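Data block below; observations after.
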Amino acid sequence: MKLNPITLALFTALAVPAAAVPTASAESDEQNIERITVQGEFRNRGIEDVAASVSVLSAEDMQQRQAEHLEAALLMAPNVNLAAGASRASFVQIRGIGERSQFVDPINPSVGLMLDGINYSGLGSAGLLFDIGQVEVFRGPQSTRFGADAMAGMIYMSSQALEMDANGQFEAMLANYNSRRLGLAYGASASEDFLWRGSLFGYQSDGFIENIHLGRKDTQNHDEITLRLNARWLLSEQWTADFTYHHFNLDNGYDAWSLDRNRQTLSDTPGKDTLDSHAGRIALNYLSDAGFELQLMTSYLTADSEYSFDEDWAFEGIRPGWEYNSWDAYYRQRDQLELEARILSAAPIQFGSIATDWLVGVYRQERTQDLDRDYTYLSAPFSSQYDTERTAVYGELQQQLSDRLRLTYGVRWERYDNDYRDSRGITAAPKDDAWGGRASLEYQLAPMQSFYTSLTRGFKGGGVNGEALGRVEDRNLEDHREFLQSRATFDSEYLTNLEFGYKAFLPEQNLSVQLNAFYSWRDDMQVNAYVERNAVFVTYVDNASDGNNYGVEAQLDWLPTEALRVFVNLGWLETEFNDLVLRDGTKLRGRDQAHAPNWQLHVGGEYSLPQNWMLRLELDGRDRFYYSNSHDQQSSAYGLLHARLSKTVQNWEFSIWARNLLDKDYTTRGFYFGNDPRKDYVAENYIQFGEPRRVGVTARYRF
């Protein structure tokens, strides 16, 4: 009898209520489940006090998975999916909502990415994890807190905390596919008033692709260096200053697509997927004797990237007289300035007879994105500039209505002004006002146990389809001219989410629990699509009338004995379009949205063996999903088994590990069109594979 993985996992979850994602702590016999603090809210608070769906991935759990990048860690959270189409799976979908690619036009991310308070939204390749203290995955609209970049959710990454006592770690790893990494982190206090920590990390791998035309096995390689510095200066009893600096230097190859739909490519000019970025942040905090706290923050990010590929995926001469040969490269530069000021209560005030915490804030972002495109079939060089200005004001109140009942409500108004211009003379200046908000009601059943219900609204701005406008006069696309002209711009999208949840932190039972159900309404939903003729593609963003996303999420972390830890994370998701018409007249009413599997799971356990040995087993699984909104091709459902055996010797930890132990083939991106001249360009489903079996050894020293 063959068991459906989700059926088995759901049975397991029903045996014990489902949960948050904390880690075991060996420091206390009375409290073996570590309490989790969420840092991505306006105020730091325990996960059981956050009236929202959030998973917290600890440094220990990510290290146990040998995760260098978010792509290897995010599958631990329910209802989170990834799309590649690059050297890494850097595009994130939460509850079926999120971008899957970027080519000519700038994108407005549905899922944001923050690292140490700096906005990296749209730069998912920067999600490297060495010396990251925790990753918080917020599911559902977070626009009150983060604005337009978090309509569907937010990935909030925090470096290891600063400490007075000197401490650090060193890590070295060797694995198959000629993979190796080195990492060093160290932090200390230069004085009683100044704390700092720095980390340096390097990762190299040949990748998992063999280019049989060039006789190379490194055309999809990784070559990544990360430097992060954080410092805190205690200026006085009331003033604190925080400083952050990041540098990413990623020089990865991109050669993922095979005409034979395997891991053997035929390209003669493999592409690149690079990022060279610098970012800094300064945050000032003032604690007033008058009962309020002032926070002033500014950050600046500059990033240069190359995304290039062999468009025909083949070599010249594969079928003489019938082939085409082309190269496409996108060189981007992004400059971003953010300013934010926030005032919040340091202690509750009495609003009538109700204890009330309050906050108000203002926000400003200025972002410039320049693009230079090098494409074989362009009649002239192409360049564009997209300037975005966002201004926002927000506020929130939290009221303790009784000893057990707490009400939180807030709103954010945001204005965006966009200015697009390119070398073809196309100009556009979409602008709009948008608002989001949240209201939640929490009822405390017992200490560290609560029910909550919340209503949230998120948004993301509209924009311009510059490529569609620029290709209107293309002779190869005459049949699509009127259609492309009608898609010159697209409108803002809104997401409204109703949610019910239960959370608990139960030290006596060594159990942590999180369970929630949600229903979301998408209005003027933005969907990515494309038109194609004679291997000429034009991508665009369209507005469908509306759609619905709903489901259930469950998480559990349990220590049934001192030696055994069990964790279960489950997601069930239903999505649908209510009205979307493609170029060929196809109506997608009632169909699932792209990259939205109906079920997902992450289950596993750790067992402490004698002599300081530990065994960890994990299973990741997900249902099949549609690759795109423009065709009906789907992935296959899959399950991936991971294993790790480790030995601790004083400050050293040695481990042997495997990801995808059974070497299952699974896919991270798919397209449907004709690109093989050997088959007369008949349409096929072309796929990008996820990583095969990875095996390696790691040594880590903590000091």
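Backbone N, Cα and C atoms are what each Cβ position is placed from, and that goes for glycine too.
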Subject >> Per TrEMBL, the range holding motif 'TonB C-terminal box', considering 56-73, 488-505, 560-577, 686-703 >> reply: 686-703
Original post:
By a Cβ-Cβ criterion of under 8 Å, what residues six or more beyond either terminus of the motif 'TonB C-terminal box' (686-703) are in contact with it?
Top reply: 63, 66, 84-85, 89, 167-177, 179, 208, 256-259, 261-263, 627, 635, 651-663, 665-673, 675
Original post:
Using DSSP, how many residues in the domain 'TonB-dependent receptor plug' (48-153) fall into helix, strand and coil?
Top reply: 25 helix, 33 strand, 48 coil
Original post:
Could you count the residues of the motif 'TonB C-terminal box' (686-703) that DSSP puts in helix, in strand and in coil?
Top reply: 0 helix, 13 strand, 5 coil
